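One structure is given below, encoded as structure tokens.
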Amino acid sequence: MFKASPDNRQIRGEVWRLTLPVITEQAFITLMGAVNAMMAARIGKEAAAAIGLIDTLNNIFIAAFSSLAVGGTVVVAHYIGRNELKNAGNTSKQALHSGLILAALIGVLIHLFRRELLGVLYGSAEGQVLQLAYTYLQYTLPVYPLIALTSIACGLLRGAGDTRTPAKVVIIMNIINIVASYLLIFGLPPLQLSGFGVRGAALGIGLARLCGALLLIYILARGSGNLMITRFWRYKPDWGLIRSILNIGVPASLESLLFNAGKLITQTFIVPLGTVPIVANYVAGTLHALMVIPGSALSVAATTLVGQYMGRGECAEAKKSLAYLTKLAVLCLVGLNIAMIPLFPFLASLFNPHHEVVRLTAQLLRITAFFLILWPHSFILPAGMKGAGDVGYTLLVSALSMWLFRISLGYVLCVQWQWGVLGVWSGMYLDWLIRSAAYWRRFQWGNWQKHVIIQCVAKPEAKTESQ
């Protein structure tokens with residue numbers, strides 16, 4: 001991919017130093033949802049369908065919180081690149097408090113209009129599925145601030161170049177989630193303790209998030225690597241830093257909201273088809289998330305690495321690192337998924353043993369494996385561009401591609417041509433094609449490197465200052 005010059009070896013070293021812990025982190029994040037899905041499937045396909053529907057809704061806001069974290073990640077990465085550690089710590093405090101406030105407000109709004117929201121989105125679902133979905137939503141809403149805090153805190157640590165700590169915290173969260181969710185879903189029959197079913201799934205993951213949030217606050221207050229937050233609970237808004245964070249975070253969050261809202265709309269095309277297609281779509285989506293973990297990790301590394309290079313003014317290295325990450329992801333994703341094709345039916349059966357669910361899930365995954373060559377250009381390139389502050393272009397491409405191509409083609413194929421779930425996924429493949437072409441063109445032209453992130457945000461620090 002690159003000649004083995006000292007600069008290129010350094011880029012590869014930094015890529016792997018950042019990426020390997022993130023792969024672990026992303027694997028366990030995805031595993032957290034997958035374990036709950038497998039446990040819920042043992043209650044019944046109605047419970048699995050209900051959790052799948054609400055997780056689609058929740059993922060809109062989880063992704064928005066993660067995208068808001070991008071603002072903090074990018075600004076922190078630029079400050080670390082400039083060796084301004086105090087400003088990096090101040091940025092982190094502002095990002096965390098802003099995220100907590102926003103998440104709490106969103107949770108309250110959804111709670112107030114929860115019945116109307118589910119009626120509009122999933123009113124055509126079977127009665128039992130809809131009731132279980134309502135119950136699951138009630139128990140997941142209080143977790144929103146914890147999700148925001150953990151997402152933003154992990155992003156800040158990665159922006160400072162510390163990818164090991166988030167990975168360790170996520171592993172601890174998953175251990176807590178597996179144990180707590182099992183006990184809360186199924187109970188302990190030998191001790192005559194009954195479980196809580198769908199409510200237990202929400203409570204288990206909520207407990208894990210709470211433990212993770214408290215641990216991350218402790219780590220940041222104590223200091224981790226180049227990043228430390230002093231007096232976390234004594235908060236005074238710094239509007240200069242907040243503007244800097246939101247200039248990146250708001251467009252990234254809006255992009256994420258529009259993207260995931262589009263996915264939610266395509267979900268409504270599937271709901272009238274019945275419980276089996278709903279479950280198959282959910283299981284296939286969960287397994288797909290597992291299969292693109294290497295790519296997801298490389299996209300996280302892209303934001304941090306490009307941000308730090310741009311903070312140091314090393315534009316050529318930023319472009320080289322992003323090209324390397326993208327090519328590496330193509331090799332990893334295509335090779336891994338094609339090799340896993342024979343295992344797709346077995347993996348699907350772990351989530352739900354129903355024959356039709358397994359057949360449909362495996363069919364979707366087999367087709368998707370051959371389209372994954374488009375995934376890195378669709379998601380890793382824009383992740384790196386965000387690290388350089390190019391959030392306006394990525395927002396425009398993401399919104400237009402989703403709403404003009406994925407939704408429209410998904411509706412035609414799924415509803416009008418009666419392709420079912422495959423029609424929705426075919427719309428996704430077209431979306432990837434459009435994105436990859438648009439982002440590759442932008443990458444080649446170099447316009448994404450012409451943004452100013454932290455000019456006049458805070459006073460420069462003396463080079464000798466440490467924290």
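Every residue, even glycine, has its Cβ placed from backbone N, Cα and C.
No curator has checked TrEMBL annotations; they are predicted automatically.
Keep in mind the model is a prediction, meaning the values are calculated, not measured.
The transmembrane segment feature in TrEMBL is assigned to 20-40 (among others).
Here TrEMBL flags 60-80 (among others) as transmembrane segment.
The feature transmembrane segment is assigned by TrEMBL to 95-113 (among others). Using a Cβ-Cβ cut-off under 8 Å and counting only residues 6 or more beyond its ends in the same chain, the transmembrane segment (95-113) has close neighbours at 61, 65, 68-69, 71-72, 75-76, 137-138, 141-142, 144-145, 147-149, 151-153, 156, 220, 229, 232, 235, 237, 242, 245-246, 249.
Away from its own ends, the transmembrane segment (133-157) comes close to residues 25, 50-51, 53-54, 57-58, 61-62, 65-66, 68-70, 72-73, 76, 91-92, 95-96, 99-100, 102-104, 106-107, 110-111, 114-115, 118, 122, 125, 163, 165-166, 169-170, 173, 198-199, 201-203, 205-206, 209-210, 212-213, 216-217, 219-220, 224-225, 227 of its chain (Cβ-Cβ under 8 Å, at least six residues beyond either end). The transmembrane segment annotation in TrEMBL covers 133-157 (among others).
The transmembrane segment feature in TrEMBL is assigned to 169-188 (among others).
According to TrEMBL, the feature transmembrane segment maps to 200-221 (among others). The list of residues near the transmembrane segment (200-221) in space but at least 6 beyond its ends in sequence, with Cβ under 8 angstroms from a Cβ of it, reads 32-33, 36, 39-40, 51, 92, 96, 136, 139-140, 142-143, 146-147, 149-150, 153-154, 156-157, 165, 169-170, 172-174, 176-177, 180-186, 227-230, 232.
Per TrEMBL, transmembrane segment is recorded for 241-262 (among others).
Residues or ranges marked as transmembrane segment by TrEMBL: 282-307 (among others). Same-chain neighbours of the transmembrane segment (282-307): 14-15, 18-19, 22-23, 25-27, 30-31, 33-34, 37, 48-49, 51-52, 55-56, 70, 73-74, 77-78, 81, 158-159, 161, 163, 318, 321-322, 325-326, 328-329, 332-333, 336-337, 340, 344, 347-348, 351-352, 357, 360-361, 364-365, 368-369, 372, 375-376, 379-381, 383-388, 421, 425, counting only residues six or more beyond its ends whose CB sits under 8 Å from a CB of the stretch.
Marked as transmembrane segment by TrEMBL: 328-351 (among others).
If you look up TrEMBL, you'll see 363-381 (among others) marked as transmembrane segment.
Per TrEMBL, transmembrane segment is recorded for 393-411 (among others).
For 417-434 (among others), the entry in TrEMBL reads transmembrane segment. Outside the transmembrane segment (417-434) by six or more residues, the chain places 266, 269-270, 273, 277, 280-281, 284, 360, 363-364, 367-368, 371, 374-375, 378, 397, 401-402, 405-411 with a CB less than 8 A from a CB of the stretch.
Spatially, the transmembrane segment (241-262) is not adjacent to the transmembrane segment (363-381); fewer than three Cβ-Cβ distances between them are under 8 Å for residues at least 6 apart in sequence. Here the transmembrane segment (60-80) has long-range neighbours at 87-88, 91-92, 94-96, 98-99, 102-103, 106, 110, 144, 147-148, 151-152, 154-156, 158-161, 226-227, 241, 244-250, 252-253, 255-257, 259-261, 263-264, 303-304, 307-308, 310-311, 386-387, 389, 453-454, 457, meaning same-chain residues at least 6 beyond its ends whose C-beta is under 8 angstroms from one of its own. Here the transmembrane segment (393-411) has long-range neighbours at 251-252, 254-255, 258-259, 262-263, 265-266, 269, 382, 385-386, 423-424, 426-428, 430-431, 434-435, 438-439, 442, 447-448, meaning same-chain residues at least 6 beyond its ends whose C-beta is under 8 angstroms from one of its own.
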